[in-house]
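Here is the structure we will look at.
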Amino acid sequence: MGDTLTSYEARVRCRDIAQNKAAAITTKSVGEAANKLLGTAQRHLSFSPCPPTATRCRDLPLYDLSSIPEWLKGNPFILRYYRAGYTTKQCFKSVFALHNETLSIWTHLVGLLIVLVLSLHILLNLGLHRTQDYLVFSVFQLGSMVMLGGSSVYHTFSAHHSEQVHNIALAIDYFGITSMIVGSFYPPVFYLFSCLTVVRAVYLISITLLGILGLMGPFFTFFNTQTFYWPRMILYSSLTSIGILPTIHMFFGLPANEQTLPLYKGMFLMLATYCVGIVIYIFKVPERWYPGRFDVWLHSHQLWHFFVLCAAVVHYFTCIGAFQMWHVTRGVGGECA
């Protein structure tokens, strides 16, 4: 009987030990699973609710440079007022809020309206009558509007919580930049070189082929990365340089008279405005000299937008003048139909 009780007690003891181990394992597994879920949630919701690093605790929180994802860290001299982890609705709402991209959004939104008005003026009042006239000006106008609209889209959705959405918006922005650069040279080259059809064709084909690279590039992942920053800048600088060449050719190789000189000056003014903006953008001034002081107002990207808009408006009037001169003289020398 004693042996039976001892055997029974041993079985009970073994059962209790097994149950305790099972409970411990279960508790550990549940704890690990809970921690894993918590970590996943924190990765997806790392900007919600408002953490200690946020500038304001509200429905549109702002963050400092150390708290945002790597893909938003494009300027080390802008220290605060970043949007990050926003939903689509929050991105739309942030258009009307104050942060370090507010002016970047609105400079080109207002610019889009200005260019739209100028485009309607050209199409309705300039007296275009040939298919090629409409085609040349349409390339220029659409390029300008795609750039300004695409820029506003990017700066609105750059704060989206999805990196994929951010990259798509960035690709649209770069696509617009190339469209603007290529389209800008169609009207002046087409009309001012109307007497030199072979030269005109070489210029237009060259800028178009290089432009295709700039149009396709943004839709490849590597093109939009920070490591590809300088190759990207070289491509856009090359596009601009090819545009400078026909401008120099116009000034030194075509007749200079009271009709053409204002057009040449307009081309040089447009290029000079772009160049000043590019230098400001590349070297990130003035925030490079005073980090943190220009986080919201007048940092390099906003100034770059302002110079781009000014250059576009100047160029619109230059293109109008080029068409009017061609329409009156039928060519720079007055000989070409």
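Glycine residues also receive a Cβ, built from the backbone N, Cα and C atoms like all the rest.
The Zn(2+) binding site feature in TrEMBL is assigned to His155, His301, His305. Under the three-state DSSP scheme, His305 (Zn(2+) binding site) falls in the helix class.
What TrEMBL lists as transmembrane segment is 105-127 (among others).
If you look up TrEMBL, you'll see 134-154 (among others) marked as transmembrane segment. The list of residues near the transmembrane segment (134-154) in space but at least 6 beyond its ends in sequence, with Cβ under 8 angstroms from a Cβ of it, reads 104-105, 108-109, 111-112, 115-116, 119, 122-123, 126, 128, 169-170, 172-173, 175-177, 179-184, 186-187, 190-191, 305, 308-309, 312, 316, 319, 323.
Among residues of the same chain six or more beyond the transmembrane segment (174-194), those with a C-beta under 8 A of the stretch's C-beta atoms are 132, 136-137, 139-144, 146-151, 200, 203-204, 207-208, 211, 214-215, 217-219, 223-224, 232, 236, 239-240, 243, 246-247, 250, 254, 260, 263, 267, 270, 308, 312, 315, 318-319, 322-323, 325-326, 330-332, 336. Annotation source TrEMBL lists transmembrane segment at 174-194 (among others).
TrEMBL lists 201-222 (among others) with the feature transmembrane segment.
Among the features that TrEMBL reports, transmembrane segment is placed at 234-254 (among others). Same-chain residues lying 6+ beyond the ends of the transmembrane segment (234-254) with a Cβ under 8 Å from its Cβ atoms: 177-178, 181-182, 184-185, 188-189, 192-193, 199, 203, 206-207, 210-211, 213-214, 217, 260, 263-264, 267-268, 271, 274-275, 278, 332.
Feature annotation from TrEMBL assigns transmembrane segment to 266-283 (among others).
Summarising the annotation, TrEMBL assigns transmembrane segment to 303-323 (among others).
Summary of the Zn(2+) site environment: with the site residues His155, His301, His305 set aside, the chain residues having Cβ atoms within 8 Å of the Cβ mean position are Glu101, Leu103, Ser104, Ile105, Thr107, His108, Ser151, Gln302, Trp304. Taking Cβ-Cβ distances under 8 Å and a sequence separation of 6 or more, the neighbours of His305 (Zn(2+) binding site) in its chain are Leu103, Ser104, Thr107, His108, Gly111, Ser151. Working note on the binding-site residues His155, His301: by count of other C-beta atoms within 10 Å of each C-beta, His155 ranks first.
Look at His155 (Zn(2+) binding site): DSSP puts it in a helix.
Packing against the transmembrane segment (303-323) from elsewhere in the chain are residues 103-104, 107-108, 110-111, 114-115, 118, 122, 126, 128, 133, 137, 140, 144, 147-148, 151, 180, 184, 187-188, 191-192, 262-263, 266-267, 269-271, 273-274, 276-278, 280-281: each is 6 or more residues past its ends and has a CB under 8 Å from a CB in it.
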